[in-house]
Amino acid sequence: MHQGANRIFKASFALNFIIIVLCQAVITLRVWYLFPRSRIIRCIAITAYLACASITIILAAYYCGAIESFVNTLSVDLDLVSPMHPPLVWQIYIPSLFIHSFLFSLKIYRVMVCTDSLGNMPLLQRFLKEGGLMYAFATGSILYATIAFSMTSPSGLRSYLSALLGEFSVAATVVAVCRAMLSIRSLAATRHVDPAWLLNHAELSRVNWTKGYQEGEIRVEIDMDRNDDIALVTRNWDIDSNRTLTI
């Protein structure tokens with residue numbers, strides 16, 4: 001392979017794992033906020049992420065030389081013809097597969113036991129609202145890359161190269177994380193956050209309020225004399241804060 005193409009491959013190979021590790025950090029941070037009252041789960045999630053990220057980087061650096069030697073035997077157009085047998089490096093994605101599966105199982109557990117912010121939604125609807133489908137897809141893509149890296153026979157060389165370039169696994173992981181980040185507004189409004197943090201604390205401290213029956217609803221009790229005239233608004237929807245105030 002040409003020297004310039006070799007440099008591009010090295011940069012792409014390193015960038016793939018950097019992106020995956022950063023995306024896993026975002027998912028770990030998401031799990032951190034899902035369990036605000038469980039210090040043990042938080043510590044386990046952080047420890048598991050740091051361990052898996054470190055092992056992933058170490059394995060990628062260890063196998064980089066063998067992978068580079070194999071790639072150098074390919075032609076510039078990657079015609080899938082190489083005199084060298086591809087190295088067996090499926091272990092690289094094992095830490096990523098573990099941390100994705102572990103964090104995904106924590107999200108599923110949280111969805112199943114959550115009753116505060118998700119209300120009485122059906123389990124499947126809770127799963128979809130939490131972005132579980134996208135996270136499951138990302139975990140499946142990591143599993144695919146692990147299997148593809150074990151296909152070192154000539155017939156499986158195309159799958160091997162697709163995992164080597166990281167197109168599918170990286171794209172699926174990035175899309176899953178971006179899905180959650182792009183809906184950050186709904187995360188703040190509905191994802192297991194106490195309503196006291198969503199409105200001005202000084203204003204809320206002046207009134208007696210309780211959670212309503214519907215998602216995002218606050219009920220405020222007002223003490224008044226019978227002779228006082230006041231215009232009561234039964235329901236007022238605030239578009240900016242995505243919140244309902246019932247008086």
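Every residue gets a Cβ built from N, Cα and C, even glycine.
TrEMBL lists 12-35 (among others) with the feature transmembrane segment. Using a Cβ-Cβ cut-off under 8 Å and counting only residues 6 or more beyond its ends in the same chain, the transmembrane segment (12-35) has close neighbours at 41-42, 45-46, 49, 52-53, 56-57, 60, 64, 67, 96, 99-100, 103, 106-107, 110, 135, 138, 164-166, 169-170, 173-174, 176-177, 180-181, 191-192.
According to TrEMBL, the transmembrane segment annotation covers 47-70 (among others). Packing against the transmembrane segment (47-70) from elsewhere in the chain are residues 6, 9-10, 13-14, 17, 20-21, 24-25, 28, 82, 84-87, 89, 91-92, 95-96, 98-99, 102-103, 164: each is 6 or more residues past its ends and has a CB under 8 Å from a CB in it.
As annotated by TrEMBL, transmembrane segment applies to 90-112 (among others).
Among the features that TrEMBL reports, transmembrane segment is placed at 133-153 (among others). Packing against the transmembrane segment (133-153) from elsewhere in the chain are residues 23, 27, 85-90, 92-94, 96-97, 100-101, 103-104, 107, 127, 159-160, 162-164, 166, 168-169, 171-173, 175-177, 179-180: each is 6 or more residues past its ends and has a CB under 8 Å from a CB in it.
Per TrEMBL, transmembrane segment is recorded for 159-182 (among others).
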